[in-house]
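Down below is the structure, laid out as structure tokens.
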């Protein structure tokens, strides 16, 4: 699993002290992922935010040439909203990594997460880079995945094999003949958590795939996975998803099979991000059907997934279907009220935007909740995943959130 | 003040018992506002939600003819998401009001707020209508304003005088010669509160103004006031703003002067709505300048006003300017990061999307907070008002919300 599942990659995660105050003392907070080649082909998708962190600004430049030899990641400081001085700090970190790894600085990507508006502690970051460079290993993927965690309670890693591979993710970095592997690690998940944690993802593969094909596969997979767990559309200034190909398997995969493997790893990581969202007690799957177009379906699904009162109601185990109706009605997409229907965990509580089956029959005791909304306006559909976590309901371990009590006329349904 | 400040109007507020369980026993929960003429000219603005409550569907039909002789309001049941049966209930209530008032049912508007997805209790609503009709008075405006309250802690009323009026709102319903008055009442405020309370507003005037001119004045005023306190753009299925003109002053006002008076009353009511938002501890004024267009300025201002982490940070008295920067960056409008600036309560904490003056100099102890954001991308501006109230932070009196504690690297600024 993780970024060292494919051949041709080494990684390290070290405790550089850059996340002092955020992570327990001694927890790894700085990671390196190194592509040992022979290929350095790479692609990336970065935040749509108009304000980008210094690491993103740097990485965008690196990605233009389609070659990445190493990725430097830290969970101590986002280095966003820091201006030209912050960019100089990122540059200094890259130069240090280039020296430590004996690589070209122009091929070193950077990704970072942590506080915004403050510059990184170079006195810890730079020695940390040297430390990590000295600990690179083909077994380092798990530790790298730990080093990028912020509010995550678990590291997130995944892998998928293709070609004549044996179907297991492996873990030693050795590919089988004619097979190839996609591995990956992730942290955060924009909009899932009170901290609106940056989404950082590094995917690796030992398949022989040129940069343009990597780009196509990565964009398609990102659109269908990471962008579907971003409930309210606010992109962090630092969101970064990278895909590096070493070519070490010496196998050129079928394009569709490769795209499918990249999608599978992204879907696996996305699901783990939802499961571990900061402060969540419910995982909410919003399935919209009957939309006039796919974009409309997605807009309506995001409107429901991002509705603070829907989250609050489900947290209180109240199906609150009128809030779902109100949210799609306000989303701006075409809705036919007389055909609008809502099912909560399989119980059709609303037909024609009016009460149908008894909401008391909805079992909301479990963590997974499915809201199925038929807009009655077409044939298109989209699914978005979210949780009941909101900014004002921090992790229970830090600030116990008051759970709304049951009420004959739930406040959440009032307008 | 209130809807009976202008001549030619009577009103009543009675305890019909329709809001049992929501409001204290004996509190008024049903209101009538009656236009005694001679004119019945009227205009209205209703929710943009594609799913409209039965009262809104009814009122839309009434408004087409531009004449309203009475408005029936209740705070017991929104009668939204109730389908054809709910519409029949609204129709039955209107017919009862028509009989009780000896008016044409097609000229009686309805507005309601309360739980969605349940039908009104006609056994209380219909007798309540008779009761209210028997208590109509030119002094009934204040009691009507109390009857429409839901989570509001205070009734909201306002008035402005024009023409040769004496500048006071008056309160007896008697206009002075050549002068005219605009009065009004309001409750709720979409998006300001955990309950996403419906916005109900009734404005009255004794000026002689035909329906099309009322419509123009009302739409302009609504756009600049009530639509600027709607932070995240989710319109309740029941939002309704009505303006009724009795013509009793026999004065036809100057169009600009009249529009200004309507605006003044709407602005006064909007400000009261912000002040009384459910669970709010801060009133937040978001001023966006330097936008490429007015729509862009409004979009950016709404993005900041609707950002749950900006609210959470200000609630904790943390200026958290990087969250403001991230929110405008993600809003999709043109932003020039190197010119982007943020001031919090007059302290320029951010220039060029980077740290500037010391955030410790920002005094956030008081209820009023101003966030001034210069996008650096043009000459247009917009202001939006919001509060720190969120769905997951219910009124302190019911569920004390945990206040985030101070932290050297505030969580809210992390990405």
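Indices start at 1 and increase along the chain as displayed.
Glycine is treated like the rest: Cβ placed from N, Cα and C.
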Scan A:368-391, A:392-415 against TrEMBL and say which stretch is down as region 'Disordered'.
A:392-415
Have a look at A:133-152, A:153-172, A:173-192 and point to the one annotated region 'Disordered' in TrEMBL.
A:153-172
Out of the recorded positions A:150, A:187, A:198, which are near chain B, with a C-beta less than 8 A away from one of its C-betas?
A:150, A:198
Cα of residue A:198 (active site, nucleophile) to Cα of residue A:187 (substrate binding site): how many Å, rounded?
8
Among the recorded positions A:150, A:198, which residue has its Cβ surrounded by the fewest other Cβ atoms within 10 Å?
A:150
State the count of C-beta atoms found within 10 angstroms of the C-beta of residue A:187 (substrate binding site), not counting that atom itself.
30
